[in-house]
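Taken verbatim from Swiss-Prot:
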BINDING   66, 70, 73  [4Fe-4S] cluster binding site
BINDING   110, 141, 201, 273  [2Fe-2S] cluster binding site
DOMAIN    51-278  domain 'Radical SAM core'
């Protein structure tokens, strides 16, 4: 399969595909950089205003002591990263954070918790948080780990709009990164979320020691879901001392930008989020990511426990590029 053949069937005309082969997607990755950027921008402009970016804020509502062993995560109880465990935040504190985020230009407020999955009273507190944030007129998003059908429906009734559950990497590379839950566990939770009528937010991480084929397989898995994720976060690994990936080699910047572009081409109507890792990117790299089809970012100085681009930097960058928040 040539890249030209793959592009001929890409969704420039509004028809969404769910039958991408790994070979087609690898052919897109292999395009000359300028050609790939041009094609991604064409697809982007067919479905979005290329100069508008959706802005979200993400906070950790419960930090540390997670029982999972995700080898990139400082919140895992399996690793000594020096992260201080924090109990579940109070509802009022979360709602106030959301209010501040709205004042700073965020339209969506995302809440993350270091759980395998929500349980008991903690779940009900999280439900109250969602209700409180929704009352501010913001879109709501949560990432609480594995969900069952009842929990997903309860979150929907509380006013949750989006549920994030990343697949992280390819099915083949997954067990090299995480062993405490399976790739299928993640897909099952996404099915539950979709069936409850929630918008799906799901993407992955570049820099986990994966190959280009792994990146293609990750994109293939996302693009071939029954419905494309409404939001596709593409993260650049932030190496954290104490985790197994602390000394992981930083991916080539152009490989990361290619991943953004291929996600845009294969999932034309999805928001592609330039997610974790922006703090370590130059303005020029971020600009190329927007040119490749990224149209969503997280604002605020932290993403859960990781550093993020400060609001002032984003305002400056948006001004230089002529971008406007949605």
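Glycine too: its Cβ is placed from the backbone N, Cα and C atoms.
Small disclaimer: the values here were computed from a predicted structure and weren't measured.
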Task: Long-range Cβ environment of residue 273 ([2Fe-2S] cluster binding site), under 8 Å and at least 6 residues apart - done: 54, 56, 203, 231, 232, 233, 234, 294, 296, 297, 298
TODO: Pop the Cα-Cα gap between residue 70 ([4Fe-4S] cluster binding site) and residue 110 ([2Fe-2S] cluster binding site) into the table, whole Å please.
DONE: 20
TODO: Tally every other Cβ atom lying within 10 Å of the Cβ atom of residue 73 ([4Fe-4S] cluster binding site).
DONE: 23
TODO: Calculate the distance in Å between the alpha carbons (Cα) of residue 141 ([2Fe-2S] cluster binding site) and residue 66 ([4Fe-4S] cluster binding site), and round it to a whole number.
DONE: 20
Open item on the list: With an 8 Å cut-off on Cβ distance to the 110, 141, 201, 273 Cβ center, who else from the chain surrounds the [2Fe-2S] cluster site?
Closed with: 56, 58, 108, 143, 162, 164, 231, 233, 296
- [ ] Express the distance between the Cα positions of residue 201 ([2Fe-2S] cluster binding site) and residue 66 ([4Fe-4S] cluster binding site) as a whole number of Å.
- [x] 21
Task: residue 73 ([4Fe-4S] cluster binding site) in three-state DSSP notation - done: coil
Task: List of residues, in chain order, with Cβ under 8 A from that of residue 66 ([4Fe-4S] cluster binding site) and at least 6 apart - done: 73, 75, 76, 77, 114, 115, 116
Task: Cβ-Cβ neighbours of residue 70 ([4Fe-4S] cluster binding site) (radius 10 Å) - done: 23
- [ ] Could you tell me which of these binding-site residues, 110, 141, 201, has the fewest other Cβ atoms within 10 Å of its Cβ?
- [x] 141
